[in-house]
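Per Swiss-Prot, the features are as follows:
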type	residues	note
DISULFID	Cys67-Cys109	disulfide bond
DISULFID	Cys249-Cys538	disulfide bond
DISULFID	Cys372-Cys388	disulfide bond
DISULFID	Cys428-Cys435	disulfide bond
DISULFID	Cys520-Cys539	disulfide bond
DISULFID	Cys524-Cys542	disulfide bond
DISULFID	Cys545-Cys557	disulfide bond
DISULFID	Cys560-Cys573	disulfide bond
CARBOHYD	Asn98	N-linked glycosylation site
CARBOHYD	Asn301	N-linked glycosylation site
CARBOHYD	Asn454	N-linked glycosylation site
CARBOHYD	Asn484	N-linked glycosylation site
CARBOHYD	Asn569	N-linked glycosylation site
SIGNAL	1-32	signal peptide
TOPO_DOM	33-587	topological domain 'Extracellular'
TOPO_DOM	611-624	topological domain 'Cytoplasmic'
TOPO_DOM	646-656	topological domain 'Extracellular'
TOPO_DOM	676-699	topological domain 'Cytoplasmic'
TOPO_DOM	721-750	topological domain 'Extracellular'
TOPO_DOM	773-785	topological domain 'Cytoplasmic'
TOPO_DOM	809-821	topological domain 'Extracellular'
TOPO_DOM	848-912	topological domain 'Cytoplasmic'
TRANSMEM	588-610	transmembrane segment
TRANSMEM	625-645	transmembrane segment
TRANSMEM	657-675	transmembrane segment
TRANSMEM	700-720	transmembrane segment
TRANSMEM	751-772	transmembrane segment
TRANSMEM	786-808	transmembrane segment
TRANSMEM	822-847	transmembrane segment
Amino acid sequence: MPGKRGLGWWWARLPLCLLLSLYGPWMPSSLGKPKGHPHMNSIRIDGDITLGGLFPVHGRGSEGKPCGELKKEKGIHRLEAMLFALDRINNDPDLLPNITLGARILDTCSRDTHALEQSLTFVQALIEKDGTEVRCGSGGPPIITKPERVVGVIGASGSSVSIMVANILRLFKIPQISYASTAPDLSDNSRYDFFSRVVPSDTYQAQAMVDIVRALKWNYVSTVASEGSYGESGVEAFIQKSREDGGVCIAQSVKIPREPKAGEFDKIIRRLLETSNARAVIIFANEDDIRRVLEAARRANQTGHFFWMGSDSWGSKIAPVLHLEEVAEGAVTILPKRMSVRGFDRYFSSRTLDNNRRNIWFAEFWEDNFHCKLSRHALKKGSHVKKCTNRERIGQDSAYEQEGKVQFVIDAVYAMGHALHAMHRDLCPGRVGLCPRMDPVDGTQLLKYIRNVNFSGIAGNPVTFNENGDAPGRYDIYQYQLRNDSAEYKVIGSWTDHLHLRIERMHWPGSGQQLPRSICSLPCQPGERKKTVKGMPCCWHCEPCTGYQYQVDRYTCKTCPYDMRPTENRTGCRPIPIIKLEWGSPWAVLPLFLAVVGIAATLFVVITFVRYNDTPIVKASGRELSYVLLAGIFLCYATTFLMIAEPDLGTCSLRRIFLGLGMSISYAALLTKTNRIYRIFEQGKRSVSAPRFISPASQLAITFSLISLQLLGICVWFVVDPSHSVVDFQDQRTLDPRFARGVLKCDISDLSLICLLGYSMLLMVTCTVYAIKTRGVPETFNEAKPIGFTMYTTCIVWLAFIPIFFGTSQSADKLYIQTTTLTVSVSLSASVSLGMLYMPKVYIILFHPEQNVPKRKRSLKAVVTAATMSNKFTQKGNFRPNGEAKSELCENLEAPALATKQTYVTYTNHAI
């Protein structure tokens, strides 16, 4: 009794009492209808125990109206499901025998504030107004119908409505079982401790949707949520699960206002299009908002652009997609696993205006369902609306499909019935009807029995609750498909703790069975690394591995080892090809040709000289140094073969030895010759005595001394840096690794080559200087001028060699150009010496043997006279062949010399 309540109990309910006092004047009158008759805003069915019911019979009103248009499926179907379940329980002798369940069913109008006002009816009996002192004008007591005591509530539908109602019901310890509210917030047992539901929490639904997104290989999606607990909590759960599982990023997260302004949905579509790659849109919204989003997408000409994924509020409903089939095509929706209740189909199809008077909204449903009017006064002139005949039948004269939550409404009512049955069995054992311990029913005790129920639902599914009052997660997955101008929701999979998705049964607009893309960035190609966008792990830029880098993993490029280059797709490394100058290379043709011809010519000259070794012209050329010079020329030509041969230890050692040795031998011999001529000529200017070291033995000694310096340098080089072959990967390490080559070569650097040839060049320059100094020697004094011409030409060859050789050091064909240039230059130098010094002699020997005769002896005195008096007889000598003026001079001077018997050295046959 109120008088026995504690002070704390009343203090906690003081705000509610004040609220009820405002409604007090109207509520008794509204509840004072005769038994069994409906109210204008609720259904009342009498029984021993009364259950409350909350259903969205109407949608949200506009322009200040609390209620809008009738909801045939979400409202009437579900409401009738509760009435159907009550009838079954009341007629079941094994469930609550001799106890009748009554009901008080209210319309929430899909609005939480309106539902709050309506739900005050459920607690009115708990806060009774003492009317003993109230008297009517006649002095009698007022006629007030005592409100029924509601022991439990079935509903509500929307999560925001359930949350609002749960906050009141928990104060009065009235258990509540929802058939459709799935917001994760309602799992908070500390705030909504008297709330339970036969549908799974959106936490499970969010996990299922994340699994679907991943299975479809989408990683960049947008979310749309209706303002309120259901939409916002659902999207929040989806985002949380996507972060936990990874691999899914949110492009846009849009919230639909509770009272959207004009153009709000067009703005939402424009915002979704800002991230056009995110074609998948996750929708946690009520069906009205879903429909308006689809309409806005059609207005924006985005039919087929978005791929919708709807939560259970969309499910398999027709209303959200009616006349929007093309926009909604391909939509993937999720719905708690359910089965059609055939008994309900028979029940609902049999409802008529005559046998269903307890449903105060059934007449309105009848008019809306059959497009007719019950009253003639409601018919407008000129209207095509007909008058209802009451002979219309559901399913025959109108389309009918069982609403998706009917099963759960029935299961919720049965859960309450089973809990009351177990409670009656324990508290009233053996008693028929209610016992004092259940009159009134204690809500806290009833809640414990509700949480412990375990039975098979109307469709054979198990009905249980966990400690938070949630049902286990079991979902069916649908896709809205258009086939042959007909649209249907087709089951494509299920989810019970993990996903079972039949992708082959899916069909997408424009692409058939090919999975559409909803990704932030396209996958990187092989050889590219991902550079993720900060804060968006699903978005990245693809950066190619450059240069000699290869792809180690998705995020890393690494440089290949120095002797390797990346593969074509840059996913690994492969050895760099090793090149060398091949015998058949075009670069080797000219050097080999010159070398072969030169060696042949050299051997021919040697053979000729050996054959005619004792002839005057061979003797006059200085046989000893001539053969040394020919040996040097031969080595110059032979060096070409060493330069083209494959580099190895032996080849590289021979290159070091013979590359400069052939030239050193040649120029040492020529230098010795020019130096001998110069010394004889200069000595003749000063005295008639012979210069020292002009004998053949001395000349050979000088030549070999000069050559030994070259050999000594080579020996020191071998000791300091032993010869070996190397593969140079830097020489042709091009910017494009496809053209990179390793060059197999000897360890002779450019600096080493300069040092190797430097001594030969020094001999060549010195020889050239002597050739210039002896340019005035008479032609009869052997080879002074031919040697001069040889050295001038050789200098020109090597001056051309230097810029070509060192100017191509950065060329990709450096190996070929430098080797060819070096070998050709050496061969040309040898050819110049061979051609200018020996070919004229060979020509005379072979073709003009008559000229190969001894000349008259010339004395040193003649040489001296020629050196001192040559200018005097220059003009005369120019008119006489072979220096006859000088001969005459010598002959004129010979007689006095004999008379005085002066001693002098005589040279025979011009062997100077």
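Placed from the backbone N, Cα and C atoms, the Cβ positions cover glycine too.
For the disulfide-bonded residues shown (Cys249, Cys524, Cys538, Cys542), fewest C-beta neighbours within 10 angstroms: Cys542. In this chain, the transmembrane segment (700-720) lies in contact with the transmembrane segment (657-675); the count of Cβ pairs under 8 Å, excluding pairs fewer than 6 apart in sequence, is at least 3. Ranking the disulfide-bonded residues Cys67, Cys388, Cys435, Cys557, Cys560 by how many other Cβ atoms lie within 10 angstroms of each Cβ puts Cys435 at the bottom. For Asn484 (N-linked glycosylation site), the count of additional Cβ atoms within 10 Å of its Cβ stands at 5 [all protein chains shown]. Note: the stretches the transmembrane segment (588-610) and the transmembrane segment (786-808) are not in contact (fewer than 3 CB pairs below 8 A, sequence gap of 6 or more).
Counting only same-chain residues six or more apart in sequence, the Cβ atoms lying under 8 angstroms from the Cβ of Cys539 (disulfide bond) belong to Tyr220, Cys249, Cys520, Ser521, Thr532, Val533. Within the chain, the topological domain 'Extracellular' (721-750) has long-range Cβ neighbours (under 8 A, six or more residues past its boundaries) at 547-548, 560, 562-563, 565-566, 568, 576-580, 646-649, 651-653, 655-656, 756, 806, 809, 812, 814-815. When the stretches 700-720, 751-772, 822-847 are ranked by Cβ pairs under 8 Å to the transmembrane segment (786-808), first place goes to 822-847. Ranking the disulfide-bonded residues Cys109, Cys372, Cys520, Cys545, Cys573 by the number of CB atoms within 10 A of their own CB puts Cys109 at the top. Of the recorded residues, Asn301 (N-linked glycosylation site) and Cys524 (disulfide bond) place their C-alpha atoms 31 Å from one another. Long-range Cβ neighbours of Asn454 (N-linked glycosylation site) (same chain, at least 6 residues apart, Cβ-Cβ under 8 Å): Pro462, Val463, Thr464. Other Cβ atoms within 10 Å of the Cβ of Cys428 (disulfide bond), summed over all protein chains shown, number 17.
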